[in-house]
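*Asks:* Pasting in a structure now, in structure tokens, and then I'll have a few things to ask.
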Amino acid sequence: MTSPALKDPAKTRVIVGMSGGVDSSVSALLLMEQGYQVEGLFMKNWEEDDGTEYCTAREDLADAQAVCDRIGIKLHTANFAAEYWDNVFEHFLEEYKAGRTPNPDILCNREIKFKAFLDYALSLGADLIATGHYVRRRDTGELTELLKGLDPNKDQSYFLHAVGGKEIARTLFPVGELEKPEVRAIAEKHGLATAKKKDSTGICFIGERRFSDFLKQYLPAQPGEIQTTEGEVIGRHHGLMYHTIGQRQGLGIGGLKDAGDEPWYVLHKDLARNVLVVGQGNEHPWLFSRALLASEIFWVNPIDLSSPRRLTAKVRYRQGDQQCTLERTENGYRAMFDEPQRAVTPGQSVVFYDGEVCLGGGVIETAEPWSPRQ
């Protein structure tokens, strides 16, 4: 099977997902320079019902249009808000309701950008899509592999690990071979409106709002006790869903007699008792895990796990590669790490690598403590 990307660029129609940011802007420009037939598409994935625009969608659309006008390409628009609500946001709420800390960007990539957008672009007659993600692809015979982006500070393979190889084969990643300063320099050189635009951070549909204010619109808070590892009650929490493992800020603990000056950290969320367990010190033993379990893993391409396999893994974005052994178990997959892993968080994703190849990953179900808990 020949990858669609290997066709003559002049005969290949590519629709670029235009976010209104500098990365997708430069992606479209580079594809134009490479001779592809390029069009853009701006997708709106969130509908506000209060008349506000926390996602800055209006401003982002204007920026995307300005860039497309500048480089002379057509801009399509599409509304995937219904798909986003059904396939991303409802899952996001269910995870928080269950006491976990989800990452909606990963699900958005799988369900929206590389499914809804890809299908829509193909329906418009596109041969390929392109995005501004900092990843690379490599075609090896019948498979297309997902590789880390060349810029280690911007590599986004962690967020694309749940996208299948067939979808990767339909996608170009023009900025994956570049470093961020190069991308901004290209945008500035060509007078693109997004050249100096700040990178978007945080979750789109929350925007500038306080996370707790947003979440309580959809989920009822269940206040409870804050306890030490010895079971001493030292405060109250407003809801376990507002806290994550390793969190330091916003606990409201202070002025405790004989507690010392070391900061408090979230060590554990006891869902059965609705208790937030905390302890002092950045190196508290309860913060460290030796292994984790994931019930399901999405592989970019099928891999052989008939016996344990030595790989590297990340349990959070921008973490360095961590040596581990991955094996199948009756309950899913178990990754045993060579070194202690700090703040392994159920609901977040563990992503596995073989060198620069992103193999896939899954949602962390549980973490095994590095040392026994009394």
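Using N, Cα and C of the backbone, Cβ positions are placed for all residues, glycine too.
Remember, predicted model here, so these are calculated numbers, not experimental data.
In case it helps, Swiss-Prot gives these features for our protein:
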- Cys108: active site, nucleophile (ACT_SITE)
- Cys204: active site, cysteine persulfide intermediate (ACT_SITE)
- Gly17, Met18, Ser19, Gly20, Gly21, Val22, Asp23, Ser24, Met43, Gly132: ATP binding site (BINDING)
- Cys108-Cys204: disulfide bond (DISULFID)
- His133: site 'Interaction with tRNA' (SITE)
- Gln348: site 'Interaction with tRNA' (SITE)
*Asks:* Tell me, how many other CB atoms lie within 10 A of the CB of Gly21 (ATP binding site), whichever protein chain they belong to?
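*Replies:* For Gly21 (ATP binding site), the count of other Cβ atoms within 10 Å is 20.
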*Asks:* Taking Cα atoms as reference points, which of the recorded positions Gly21, Met43, Gln348 is nearest to His133 (site 'Interaction with tRNA')?
*Replies:* Gly21
*Asks:* If I take the alpha carbons of Gln348 (site 'Interaction with tRNA') and Met43 (ATP binding site), what is the distance between them in whole Å?
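*Replies:* Approximately 25 Å lies between the Cα of Gln348 (site 'Interaction with tRNA') and that of Met43 (ATP binding site).
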*Asks:* Max CA to CA distance in Å over the ATP-binding set Gly17, Met18, Ser19, Gly20, Gly21, Val22, Asp23, Ser24, Met43, Gly132?
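*Replies:* The ATP-binding residues span at most 16 Å between Cα atoms.
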*Asks:* Please report the DSSP secondary structure of Ser19 (ATP binding site), reduced to three states.
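*Replies:* Assignment for Ser19 (ATP binding site) reads coil.
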*Asks:* Using DSSP reduced to three states, classify Met43 (ATP binding site) as helix, strand or coil.
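*Replies:* Assignment for Met43 (ATP binding site) reads strand.
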*Asks:* Relative to the Cβ of Ser19 (ATP binding site), which residues of the same chain, six or more apart in sequence, are found under 8 Å away?
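*Replies:* Residues satisfying the criterion: Phe42, Asp60, Ala64, Gly132, Ser200.
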*Asks:* List, in sequence order, the same-chain residues at least six positions removed whose CB sits under 8 Å from that of the residue listed as 'active site, nucleophile'?
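*Replies:* Expected: Asn45, Tyr84, Val88.
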*Asks:* Within 10 angstroms of the C-beta of Asp23 (ATP binding site), what count of other C-beta atoms is obtained when all protein chains are considered?
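*Replies:* So the number of other Cβ atoms within 10 Å of Asp23 (ATP binding site) is 26.
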*Asks:* Counting only residues 6+ away in sequence within the same chain, which have a CB under 8 Å from the CB of Gly17 (ATP binding site)?
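*Replies:* Once residues fewer than 6 apart are set aside, Gly17 (ATP binding site) is near Ser24, Gly40, Leu41, Met43, Lys113, Phe117, Ile129, Ala130, Thr131, Gly132.
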